[in-house]
Amino acid sequence: MVDSSKDVNGNFPGDKKIIVVFVLGGPGSGKGTQCTRIVENFGFTHLSAGDLLRAEIKSGSENGTMISNMIKEGKIVPSEVTINLLQKAMLESGNDKFLIDGFPRNEENRAAFENVTKIEPEFVLFFDCPEEEMEQRLLSRNQGRDDDNIQTIRKRFRVFVESSLPVVEYYDMKGKVQKVDALKPIDEVFESVKAIFAPLNRAASDDNKLHYIQGILFVRAAEARFECSRISLIRWMISF
Ligand SMILES: Nc1ncnc2c1ncn2[C@@H]1O[C@H](COP(=O)(O)OP(=O)(O)OP(=O)(O)O)[C@@H](O)[C@H]1O
Ligand SMILES: Nc1ccn([C@H]2C[C@H](O)[C@@H](COP(=O)(O)O)O2)c(=O)n1
């Protein structure tokens with residue numbers, strides 16, 4: 001088990017527990033839509049690997065053309081590029097709770113992230129949706145994405161089945177997958193999502209209570225030590 005309290009490549013403070021939830025599901029299964037709601041309700045920072053790669057293309061970086069060609073082909077960009085962008089965004093956010101959406105997309109992504117960051121996900125949120133539904137959603141998404149055309153959509157589906165589903169299976173074997181029926185309407189999907197995230201909030205609140213009690217005990221111990229010193233001083237003065 002990888003210790004998730006360690007830093008992301010030496011940059012996060014060592015005692016900071018970083019919570020990462022990987023959000024996976026086919027193209028158009030509703031990952032981004034649900035992530036927006038999780039952010040509003042549970043204080044996570046949403047990092048979409050696809051959005052970060054598209055921003056990199058727009059920024060005119062030297063990798064831009066390569067990334068753009070791979071996305072048009074529905075292929076997966078080399079892990080090194082994507083992990084660099086994710087790490088940078090994690091550090092810049094100042095948060096310690098992350099929804100990493102659309103990542104890891106293949107075994108290479110998964111192993112490289114774990115090697116570089118030493119972070120294991122808290123769990124994997126998996127949106128399960130039939131291809132016909134995802135295809136309809138993507139074709140009517142209307143966000144001007146280059147890859148929302150039927151040829152690229154079919155390629156993305158193939159890559160999802162061949163490369164991304166094995167990653168979900170890997171985490172499933174470790175008991176880390178929380179599967180959600182993504183065919184339902186958006187509000188109903190979110191009801192299922194909320195039930196998955198609620199225990200995390202309870203755990204955080206228990207942690208806060210524990211820190212509060214530890215604080216009180218620390219003050220009481222300091223007071224007791226002070227009282228002992230006072231009594232010793234009085235005894236010493238009386239002895240004269
Ligand atoms: N449960 C749902 N029912 C109907 N439409 C939905 C549902 N969830 C999302 N949508 C719509 O489907 C489209 C795709 O959703 P979204 O962008 O969230 O998917 P995604 O999994 O993030 O896709 P991608 O992997 O391609 O980025 C959007 O237009 C969104 O409004
Ligand atoms: N880990 C990732 C995530 C995304 N990409 C590329 C390939 C995808 O088809 C494209 C769009 O991603 P989406 O917004 O649908 O999650 O981005 C990748 O190469 N590696």
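Along the chain as shown, the residues are counted starting at 1.
Heads up, the Cβ atoms here are built off N, Cα and C, so glycines get one too.
Binding site for ATP per TrEMBL: GLY28, SER29, GLY30, LYS31, GLY32, THR33, LYS184, plus ARG141 from the candidate set ARG141, ARG145, ARG225, ARG230. Together with LYS75, ILE76, VAL77, GLY102, PHE103, PRO104, ARG105, ARG145, ARG156, the ribonucleoside 5'-phosphate site in TrEMBL holds one more listed residue from ARG37, ARG54, which is ARG54. Within 10 Å of ILE76 (ribonucleoside 5'-phosphate binding site), judged by CA to CA distance, lie the following binding-site residues from the set GLY28, ASN109, ARG141, LYS184: ASN109. Sequence-distant neighbours of THR33 (ATP binding site): residues of the same chain at least 6 apart with a C-beta under 8 Å from its C-beta are ILE186.
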